[in-house]
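Listed in TrEMBL for this protein:
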| type | residues | note |
| --- | --- | --- |
| TRANSMEM | 43-63 | transmembrane segment |
| TRANSMEM | 70-92 | transmembrane segment |
| TRANSMEM | 98-120 | transmembrane segment |
| TRANSMEM | 132-152 | transmembrane segment |
| TRANSMEM | 158-176 | transmembrane segment |
Amino acid sequence: SDLRQMLATKSVENIQFLPFLTTDANNVGWLGYGCLKGDGTLITVNAIGAALQTLYILVYLYYSPAKRSVLLQILLLLAVVVTGCGYFALLVDKETRLARLGLFCSIFTITMYLSPLADLAKVVRSKSTRCLSFPLTVTTFVASSSWTLYGLQLHDPYITVPNVPGIVTSLVRFWLFQWYPPGQDKSY
């Protein structure tokens, strides 16, 4: 939906960039975790997710009037990913690599799920959910619920625990959409 909106309007107005960026970093991290663990589900889902998020980022960059700021954020993300890869490949022994990467991915997942709440004060102040994406909220709820159940099935706390905040933050955003229906939107 956000990608379609950017392509249709040739604009990034009312679309947040941070969720795309954190989700891409999240997918890359979990892809590495899946590779270390040998989990085909983690590998497949996160390879596709990383490819799609990279596409969203490139389209956002193309239509963004603030290209410099977006590029700086992308470069920061790349620096974090490269540093993380170097750390896990060179400095962490094989026995603890999976646990440390799981912890690193968990922190990134929590960051990803909390990033859309950065506009919470803006929503309450304006009494408008215009800056929140309803499709992203639904997707986040479904994805975090699915991953929580998958993690429970595997008895993997690195998958289970960080996805619980995704459920909670989605429920908060659903409540905001209920409290401030889109028909009541006021311009900024």
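Cβ from N, Cα, C; glycine included.
Using a Cβ-Cβ cut-off under 8 Å and counting only residues 6 or more beyond its ends in the same chain, the transmembrane segment (158-176) has close neighbours at 33, 99, 102-103, 105-107, 109-110, 112-114, 116-117, 120, 123, 129, 132, 137-138, 140-141, 143-145, 147-148, 150-152.
Residues 17-18, 21, 24-25, 28-29, 32, 57, 60-61, 64, 100-101, 104 of the same chain lie 6+ residues outside the transmembrane segment (70-92) yet bring a C-beta within less than 8 angstroms of a C-beta in it.
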